[in-house]
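First comes the structure, then the notes that go with it.
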Amino acid sequence: MIPLKAVIKIGGSVLANLPSTFFMECLKLKEQGVTSIIVHGGGPMISKWMDQMGMKPRFIEGRRVTDEQTLQIVEMVLAGTVNKQLVSQFREVGVQAIGMSGIDLGLIQVSPLDGELGYVGQISTVNDRVIETMIAQGWIPIIASIGVDQQGQHYNINADDAASAIAQAVQAKKLISVSNVDGVQIQHRTIKQMTAEEVEKYIQNGEISGGMIPKVRSGVQSLKGCVHEVVIVNGQKLGCLTNENHGTRLIKGEMESHVLVSHL
Ligand SMILES: Nc1ncnc2c1ncn2[C@@H]1O[C@H](COP(=O)(O)OP(=O)(O)O)[C@@H](O)[C@H]1O
Ligand SMILES: CC(=O)N[C@@H](CCC(=O)OP(=O)(O)O)C(=O)O
């Protein structure tokens, strides 16, 4: 039987507040026949280090403007402290976790996303064989969102973009985005589900802002591929990975469903 795969993206907003039960839920998923692939961010930790260095973090639609010095901090924080901390937390509950970044074995190939953002990568390819090889060994990859271009230049990648591209490349069934909010809030309420059209509407009217923008947009993007389910959950809530009632689900919109039907 081919095991089902779920990409679990852990946001920096919640990293420091994840209970040990969260890590155990990955083991529970495994018992249910679902293999986890972890992709993580660490935005607040990068900003903290930048502050300490007297640098001012700047974002455009949730993505960090990244010059050379910022990139160095991004690499130190994501591929260093955060990645290794997560590996330890997973190993403590018995998960065979192996840390890596998108640079290792050329896992995430990128080109520049936009001149204004500097060294921020747009993902062109994910080497899914690297991930499949690890899974075949029984290892769970813990991936820091950094990529590399054909010249060997490193790039900062928004972790939601990385998770979405990885989910598509490995044909994951599910993408779970773990954050510090119960889901997408519209008029102070967590909404149960959203279509792609609603996502754009709420970005335009400002109800969805900041780091939630790349999260919902990349989620919608992955639904266009093989991913069946995208859900945004609060990592501090018990059962967030295993209980279907948590969070906000992104669903294929009306128009896209019609397009799919007419292709059949
Ligand atoms: N409509 C919204 N619903 C929920 N959170 C939102 C919304 N709009 C903006 N946000 C902000 O997005 C944040 C999550 O994005 P981000 O800080 O990048 O988290 P992470 O580090 O988990 O990826 C929330 O903590 C919240 O401040
Ligand atoms: C290009 C870009 O914005 N990269 C992100 C990478 C980390 C990240 O995405 O962290 P969260 O998941 O905590 O938001 C950054 O520099 O903050």
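The backbone N, Cα and C atoms fix where each Cβ goes, and this holds for glycine too.
Please treat TrEMBL annotations as automatic predictions, because they have not gone through curation.
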Revision key, fill the gap. Checking TrEMBL, the member of N156, N180, N205 that binds substrate with G42, G43, R64 is N156
Exercise for review: Report the member of G42, G43 (the binding-site residues) whose C-beta atom has the most other C-beta atoms within 10 angstroms.
Suggested key: G42
**Study point:** Among G43, R64, N156, which are recorded as binding-site residues, the nearest neighbour of K9 (site 'Transition state stabilizer') by Cα
**Key:** G43
Check your understanding: What Cα-Cα separation, expressed in whole Å, is found between G43 (substrate binding site) and K215 (site 'Transition state stabilizer')?
Key -> 13
